[in-house]
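What TrEMBL lists as domain 'PurM-like N-terminal' is A:54-165. What TrEMBL records for A:178-323 is domain 'PurM-like C-terminal'.
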């Protein structure tokens, strides 16, 4: 891939210098990263762990544990294929799973707006219970706050998860290495389009339903192959673009994609065309990206395809030593394009 | 205490039957408890641990761990003596400490309203960093969501903490037993009045500053006496009333207080008189209640008074086998009154 001038390529925008929070700071893209790097980390100072990633692997009482936290503010709270309750459980379960952890316990904290219907809250609680049971995690502690009408928006849920990481499992973004195959577990963009279609009252021909699902079982099946899984990521906010860019930067490697190999289902393609969205930037809630040595990719793909959440798994690219920190796609026309880390928020309030 | 007709005493209100969330559901009193008991626990079903208390002690990877979660929505975000950042760290550290845990790690999750000044957020992050450093905990993982203007209210923070519980430490509400002395670590009602004075632009003669502080050091000093600490609770929302009632109910014991022994500082007394509040229902953020066998109370009190966060520790009551589940105070006039679990929210958005 030599038709891009990598030497003179720069980040399309410098650091944003706004005096206040804008929606983009919550998009999981460049602005979110800047907020962590330039505000939270300096503010937290010595108390902060480096990076403050989606999950942390720590040691406590001699145990090797993964911790992950996520707040959910999706709007609307119910959408085709799921609800904020499903997301709140599966999202945190998946962040733990991406460290190779076996999820065990979740805390649940609610910020409720005055006036929220108890019947809606009960539906959400039931969805959380069902999702937790399906994922085999226990809801062990909780908190409820209520904010006055006008100071909230229905239901916000935080879940924080605790899991155990087996000895020998070392899955981290920085381990992605040249020669790795880049795999995806199935169709992309489905969750974001499902929420968007519901929110905007749009119809895209085919009904698109959220892919919300717990992925730790799929990860366990991948680990069981004995392959050396280098990095895993569930491409939620900011989509596949954000996740691939984060891994490329963390590992200081390049990622080369073959654009036509990206599994974009027709409903997502149509919706994105209509709305001017890039499917690679649309959120997923039941998919994972895996970076594994190419020689082991066949075994891992076979294990993924044998699992209900990985039936459509496929290879979409390769890690290279060229253009470190950058993700480049070979287009259908034979050219190449840079897949940037999304700047801000393409679809706000998507999870 | 025989001048009350315990046989015919009933809870002042039956279960509330509102169709929607009201502020009281977030007050840490009876309505909060009802929401957990009648909505969250049935909704979560088999996935829920019994009780869903302020913290849970679990086993993971062979380690004995405490987990606690809290969201903070205090308004205003800065108040005399502290900020939402201090509360977010100390509040969760304290919930862990009340299980006898040594707090180790916190996750931090922000829900930010579009338009929040970055300078305010930076001040909050600095307060969190300083509080975490002071408490000796690390901020290891995080999340940021942004909601549109009108759908949030500045900054909401969730922290979830993980700590280690030493073998042999068994501190739990249900262990309170007849013959226990009930101790408090210092003046009550300070935090609530500090926030309220700031919010309403009131002045109460003396400046009242929040008591926000981490209490695990104090707890460690109490444990080090070798006393058998039965139960600990930091009386935040719902104040001393709520905490004592919860422990009385969990342990099926009665609590007898001597009202004049309650340490209510003049600023709090004046403010409560003016506003018609009960100091026992006002939130504290740097105090604890301890239930210890009376024979060990002297040693424990001495250890508390030797610690900066327990200098004014004193005994306020006794656990009895009569009137189980009820808290009764002997008044200055020699009568008795029932200290009820607060129903809803006396001072909303206090933490």
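The backbone N, Cα and C atoms fix where each Cβ goes, and this holds for glycine too.
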Restricting attention to the domain 'PurM-like N-terminal' (A:54-165), give the mean pLDDT. 95
DSSP-wise, what's the residue breakdown of the domain 'PurM-like N-terminal' (A:54-165) into helix, strand and coil? 32 helix, 55 strand, 25 coil
DSSP tally for the domain 'PurM-like C-terminal' (A:178-323), helix/strand/coil in that order, comes to 60 helix, 25 strand, 61 coil
